[in-house]
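Swiss-Prot lists 1-91 with the feature region 'Disordered'. Summarising the annotation, Swiss-Prot assigns N-myristoyl glycine to G2 and lists experimental evidence as the type of evidence. According to Swiss-Prot, the feature S-palmitoyl cysteine maps to C4. What Swiss-Prot records for 49-59 is compositional bias 'Low complexity'. Summarising the annotation, Swiss-Prot assigns domain 'G-alpha' to 122-448 and lists sequence analysis as the type of evidence. Annotation comment: Swiss-Prot describes 125-138 as region 'G1 motif'. The GTP binding site annotation in Swiss-Prot covers E133, S134, G135, K136, S137, T138, D245, L270, T276, G299, N365, K366, D368, A420 and rests on similarity to another entry. Look at Swiss-Prot and you will find 292-301 tagged as region 'G3 motif', backed by sequence analysis. The region 'G4 motif' annotation in Swiss-Prot covers 361-368, and the record cites sequence analysis as its basis. Per Swiss-Prot, the feature region 'G5 motif' maps to 418-423.
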Amino acid sequence: MGLCASSEKNGSTPDTQTASAGSDNVGKAKVPPKQEPQKTVRTVNTANQQEKQQQRQQQPSPHNVKDRKEQNGSINNAISPTATANTSGSQQINIDSALRDRSSNVAAQPSLSDASSGSNDKELKVLLLGAGESGKSTVLQQLKILHQNGFSEQEIKEYIPLIYQNLLEIGRNLIQARTRFNVNLEPECELTQQDLSRTMSYEMPNNYTGQFPEDIAGVISTLWALPSTQDLVNGPNASKFYLMDSTPYFMENFTRITSPNYRPTQQDILRSRQMTSGIFDTVIDMGSDIKMHIYDVGGQRSERKKWIHCFDNVTLVIFCVSLSEYDQTLMEDKNQNRFQESLVLFDNIVNSRWFARTSVVLFLNKIDLFAEKLSKVPMENYFPDYTGGSDINKAAKYILWRFVQLNRANLSIYPHVTQATDTSNIRLVFAAIKETILENTLKDSGVLQ
């Protein structure tokens, strides 16, 4: 089910601004002060839109997850979702069968051309926002797979240099982390300091699509397999240095990727990482006469000054948050907690005058990585008011609450737990988003009350 969170209007609606960094933010996200309940939560009943009614619920206490009341399952339904985490036998977030049912009902909805006069196609402007590495570009790649017949052979080939750069970046980050924490090479290790220095200084030729250099591949592969490296990336210092989220995936597939005649798979492309710079407009035909102009903009601080250029006439904002970032700091500012940065950004977006009449879809992304991390890195270390332990449902609901309670502008917020690298998950999520757009358009046109 979708969830609309609303609150009373606040006179102050700040425009989007760069989140400030401070030493007090290191490692922990700030806990909001306790306030009088003022929000209402209403559950959207898409099965019977003619009988829809608003159901109100008091804002849960911020100090104890266990004490939060979930009237009519409003928050719980938003979390039961949209994604199933592969947790290797541990807890899993349950799939909401009702969400599957509602995605199948989309075809039965009246088309937008029936609800509006003029053009047969309804063109919608959608902004894809969020901090760096929250999964925005991966979501856009999934939409290309789902609605634009995927990647051409030429496009697949063009991803080879990027994936090679990702492998090289992994090697360099491992070497830098070992140096920072004074991790010496094992006595029996065949690598030398010269090997590490050569890897650090190696420059991949531009647009290179041949075989990955064998000598550099040997260094990275050997380095990753060292017990001291594994202790470092899985130990208490893991959150203190940067390592791209897809590192385990790429190292698991390292031999295949560095072999002759390498051709990237769809999953290789989805797992690749490239910082978005600039503004990219992608047109997606969603069916039912809906065309979505999706604007993907860079999430790093240096890119956010460009956001203002695409704020006019926005129908929908999709805001991406990485669930697994709760113990991480920004790549561009090692003193700023990533989760705190996302909260500040979300606050500025939902309470901005630019989006006073805009709906917001909140993607709580990377549920798979979140499930793996939760049992290793207690959330209580970063959120003193969280008491849900390693229960993934309680943890996800807590994070959702932290975002929803910022909605002073009374916007409609539709949260989804997502795994952007899972095509079937994103297909299901966008079926639900499409239905939300249909419903809102029909209401605006007077077809629905």
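Glycine is treated like the rest: Cβ placed from N, Cα and C.
Scoring each of the binding-site residues (E133, D245, D368) by how many neighbouring Cβ atoms lie within 10 Å, the top position goes to E133. The most densely surrounded of the binding-site residues S137, N365, judged by C-beta neighbours within 10 angstroms, is N365. Of all Cβ atoms in the protein chains displayed, 25 besides its own lie within 10 Å of the Cβ of G135 (GTP binding site).
Counting residue by residue with DSSP, the region 'G4 motif' (361-368) contains 2 helix, 5 strand, 1 coil. Per-class residue totals from DSSP over the region 'G1 motif' (125-138), listed helix then strand then coil: 3 helix, 6 strand, 5 coil. For the region 'G4 motif' (361-368), the predicted model reports an average pLDDT of 96. Mapped onto DSSP classes, the region 'G5 motif' (418-423) shows 1 helix, 0 strand, 5 coil.
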